[in-house]
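Asks: Before we start, here is the structure in question, set down as structure tokens.
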Amino acid sequence: MNLHEYQGKEILASHGVRIQRGIVANTASEAVAAAKDLTAETGTGWHVIKAQVHAGGRGKGGGVKLAKNLQEVEEIAGQIIGMNLVTPQTSAEGKLVRKVLVAEDVYYPGDSETSEFYMSVLLNRGTGKNMIMYSTEGGMEIEVVAEKTPHLIFTEEIDPSVGLQGFQARRIAFNLGLSGTAFKEMVKFVSALYTAYVKSDSSLFEINPVLKTSDDKILAVDAKVTIDDNALFRHKDIEEMRDVTEENPIEVEAKAVGLNYVDLDGNVGCMVNGAGLAMATMDLIKQAGGEPANFLDVGGTADAKRVEEAFRIILKDENVKAILINIFGGIVRCDRVAQGVVDAYKNMGDAINVPIIVRLQGTNAEVAKELIDNSGLAVHSAVMFQEAADKVKEVLA
Ligand code: GDP
Ligand code: MN
């Protein structure tokens with residue numbers, strides 16, 4: 001699950017990471033009130049207005065702007081809220097901005113003593129360890145740094161069972177070229193950041209930029225956070241931060257009925273039991289000249305209700321030209337699934353307007369095929385994988 005910048009910063013602050021402070025606002029007048037409150041708190045008069053969407057590169061798209069007085073706060077917040085923000089990380093249509101973060105301006109104009117760093121904590125699946133990736137080249141896209149000046153990116157691997165060691169935090173501060181107060185501040189920053197990452201069960205905490213001010217404070221100006229979905233059950237407070245308006249609407253609906261569904265760009269809908277078979281089915285579709293429209297694992301209980309829910313989810317995608325149902329009956333009997341397909345099809349009537357190919361293999365596969373063939377419905381049945389692929393090719397032709 002991804003978080004907004006303001007939510008990520010809340011988690012950071014709760015673990016003692018110094019942040020660029022801000023208050024979230026839904027309207028231009030809320031933004032003005034937020035700016036007043038912030039000024040009272042921080043004493044600074046300038047503010048940055050930052051679009052809150054699940055995409056980076058907002059600055060480039062005009063989603064991060066400096067306001068020098070309350071009138072500018074109102075104008076800029078008014079502009080940004082409701083805009084379709086297009087950034088290098090969004091689609092060409094962009095993302096609708098519903099809220100902004102009104103943040104204290106932490107850059108002092110004309111100040112050459114400030115520096116921007118890059119820092120992220122993430123899981124290295126290759127080594128099974130956590131990793132802090134950091135660079136002196138902050139404020140720009142890390143992908144570009146990685147391509148042009150890879151020697152300016154450092155990594156520190158952390159064994160999760162012993163945690164971040166003092167010498168590691170010091171090495172990071174040293175490699176970033178810091179000394180004195182800034183060095184000590186960076187050591188504290190890194191330790192608190194790592195704690196925030198571990199305690200929130202995140203898979204990514206990316207801070208770009210980390211700012212060093214001229215008075216040697218180290219703070220997080222941005223925060224991109226991904227929480228491990230499988231750990232959300234033990235973080236009710238974080239789970240409440242979910243913003244479904246930022247997520248794929250079909251995936252949100254699928255999740256609500258307990259289906260493992262991932263939306264893809266192709267034209268053949270897939271309904272499969274088991275993630276491995278679902279992957280193999282997607283390959284099969286490609287071999288047959290189609291492109292999978294989704295990944296969908298219906299799980300172990302492929303009864304009529306579940307099949308019907310899966311049909312409805314798959315058909316919400318307008319690009320679907322055919323549906324391939326591929327079920328292996330191990331624990332579940334194929335004839336039960338076949339009956340489920342027939343019942344769901346009858347229930348849904350005209351809602352199903354694309355050809356269906358059903359391939360059932362395993363317990364009672366032949367009985368199942370008979371059931372489908374005798375149903376009188378426009379459903380193509382197959383027992384062999386290749387047979388199903390050929391039928392997909394046929395209906396797409
Ligand atoms: P992103 O573009 O989505 O990564 O959003 P960021 O939060 O990283 O902001 C983009 C850029 O805006 C940063 O790299 C900074 O250079 C700039 N910025 C952020 N906060 C401030 C601020 O308080 N004052 C000024 N002058 N610039 C800021
Ligand atoms: Mn950023």
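Positions of Cβ are set from backbone N, Cα and C atoms, glycine also.
TrEMBL does not curate its annotations; it predicts them automatically.
The annotation domain 'ATP-grasp fold succinyl-CoA synthetase-type' is assigned in TrEMBL to 2-210. Among the features that TrEMBL reports, ATP binding site is placed at Lys50, Gly57, Arg58, Gly59, Val106, Glu116. The annotation Mg(2+) binding site is assigned in TrEMBL to Asn208, Asp222. The feature domain 'ATP-citrate synthase/succinyl-CoA ligase C-terminal' is assigned by TrEMBL to 271-391. Look at TrEMBL and you will find Asn273, Gly330, Ile331, Val332 tagged as substrate binding site.
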Asks: Quiz question: given the binding-site residues Val106, Val332, which has the greatest number of C-beta atoms lying within 10 angstroms of its own C-beta?
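Replies: Per the Cβ count, the most surrounded site is Val332.
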Asks: Mind telling me which of the binding-site residues Glu116, Asp222 has the densest Cβ neighbourhood, counting other Cβ atoms within 10 Å?
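Replies: Top count of Cβ atoms within 10 Å goes to Asp222.
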Asks: Enumerate in sequence order the binding-site residues Asn208, Asp222, Asn273, Val332 whose Cβ-atom distance to ligand 2 is under 6 angstroms.
Replies: Asn208, Asp222
Asks: Of Val106, Asn273, Gly330, Ile331, listed as binding-site residues, which ones have a Cβ less than 6 Å away from ligand 1?
Replies: Val106
Asks: Between Asn273 (substrate binding site) and Lys50 (ATP binding site), how many Å separate their Cα atoms?
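Replies: That separation, Cα to Cα, works out to 43 Å.
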Asks: Of the binding-site residues Asn208, Asp222, Gly330, Val332, which sits closest to Lys50 (ATP binding site) by Cα distance?
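Replies: That would be Asp222, nearest by Cα distance.
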Asks: Quick one: Cα separation, Val332 (substrate binding site) versus Arg58 (ATP binding site), in Å?
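Replies: That comes out at 48 Å between the alpha carbons.
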Asks: What average pLDDT is reported by the model for the domain 'ATP-grasp fold succinyl-CoA synthetase-type' (2-210)?
Replies: 95
Asks: According to DSSP, does Asp222 (Mg(2+) binding site) fall in a helix, a strand, or coil?
Replies: coil
Asks: Using an 8 Å cut-off from the Cβ centroid of Asn273, Gly330, Ile331, Val332, can you name the remaining same-chain residues around the substrate site, in sequence order?
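Replies: Near the substrate site, beyond Asn273, Gly330, Ile331, Val332, sit Gly274, Gly300, Ala302, Ile327, Phe328, Gly329, Gly362.
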Asks: Around Gly330 (substrate binding site), how many other CB atoms lie within 10 A of its CB?
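Replies: A 10 Å sphere around the Cβ of Gly330 (substrate binding site) contains 13 other Cβ atoms.
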Asks: Rounding to the nearest whole angstrom, report the longest C-alpha distance spanning Lys50, Gly57, Arg58, Gly59, Val106, Glu116, listed for ATP.
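Replies: For the residues that bind ATP, the greatest Cα distance is 19 Å.
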